[in-house]
């Protein structure tokens, strides 16, 4: 695979702290940013009470000792706190971002340097991530995060024994690699239905030529994966239904303290942050269209209305559509409003929600952005193929696409996650909920392997409630305690769980 990689300083030796990292065993933009990143990590730790409480609770027991965790998740300041929590509980970790634009370079540098290292002698965690990766670079980074140095992976074939995923790309690479090794052939690159899949096939062609059993060995050594987001969870359930899932998975996304907090309250905060940083236009009074009214869409619609926008929701699900209508939003089709609206936000998890034909019909200077995980909700490939449109970059992750008829639209982050491409993502406190779930899920799968045969699971209710408890004190919230008589009347324990698994919060 050919790839132009940015220069980065390198150290020498193994990941054992405080030894310096092996030469080339990381790739980030600039290690001199580490001091800035470390200052922000310290601030974030204060805002992440759940993760810090888990560090204190499990520091002595070291439940992740022996775990080799490959992480594929946005390399932000908040993720740095997660990574260092996993290390504090005994894990070895290698990391890549799950989006080409979402890395915060000072966070990546701080994690590589580590709390006890220096830019000249980094002593932290191997990270392969920088803001603005190309697709070949992105998949090279994922491959490197899945590739452990000789001798550190025992008999597992040079790979991890755990994956912590966001969107499922690390899991996908392992599964596709093993699938094609079993078949003895990788499909031709020309057969790919997208530029990104062509990059994956090219990588796996090279891998198969070098080692015909590489991904099969790696898959066999993996105890499980914990998945962060809706799109990645969808992939896992699809593989399980098809009988192709190779190791157990915990669906972190559907923990209540993830989906009802990260997806809704996180997006409520970070969508507006991304729009403001990218365009600095007044939102009040404008018509904004939110496509999709799940947890993410609900947070987006709420934030836009809070800024004074006239919000229109599009939906395919009648239940979600009814919720949107009862919440006071106009529910319409995109065709109804495409020529009138000022702002378009996709939050569906589907593809081609906004086609290039839709964009050709939009009003002058309409803003188009996506807050779903992948970049195919907006038909960027179709837009780029049009002969009647030209692209002009205004600043990083802000492009104006000008049509021959004179009108132009503003596309954010090339159709990828605008809240991470144009801003810094969700705030630390809400990510503490999500990452506390991730850490607990990693402990569950790693220490209780026999309880999790191949399948897709959610965390038990008592652990979901535990994550919530860990965050109440920081907000000055006090729980009411049931008496024994009240608990008996409700049929629950005074300590919980308080709701059945089927309860909808």
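Even glycines carry a Cβ here, placed using N, Cα and C.
Remember, TrEMBL labels are computer predictions, not curated facts.
Summarising the annotation, TrEMBL assigns substrate binding site to 76, 166, 228, 258, 262. Among the features that TrEMBL reports, NAD(+) binding site is placed at 229-231, 263, 292-299, 315, 371-373, 419, 426. Here TrEMBL flags 263-425 as domain 'S-adenosyl-L-homocysteine hydrolase NAD binding'.
Burial estimate for the binding-site residues (258, 373): highest at 258, by number of other CB atoms within 10 Å. Counting only residues at least six positions away in the same chain, the Cβ atoms of 426, 430, 431, 433, 434 sit under 8 Å from the Cβ of residue 262 (substrate binding site). Under DSSP, residue 263 (NAD(+) binding site) is assigned to a helix (H, G or I) in the three-state scheme.
Confidence annotation: the domain 'S-adenosyl-L-homocysteine hydrolase NAD binding' (263-425) carries a mean pLDDT of 97 in the model.
Cβ-based crowding with a 10 Å cutoff singles out 166 as the top-ranked of the binding-site residues 166, 315. Put plainly, the binding-site residues 294, 297 were compared by Cβ crowding within 10 Å, and the winner is 297. Of all Cβ atoms in the protein chains displayed, 26 besides its own lie within 10 Å of the Cβ of residue 229 (NAD(+) binding site). Put simply, 373 is the one of the binding-site residues 294, 297, 315, 373 whose Cα lies nearest to the Cα of residue 76 (substrate binding site). Counting every protein chain shown, the Cβ of residue 263 (NAD(+) binding site) has 24 other Cβ atoms within 10 Å.
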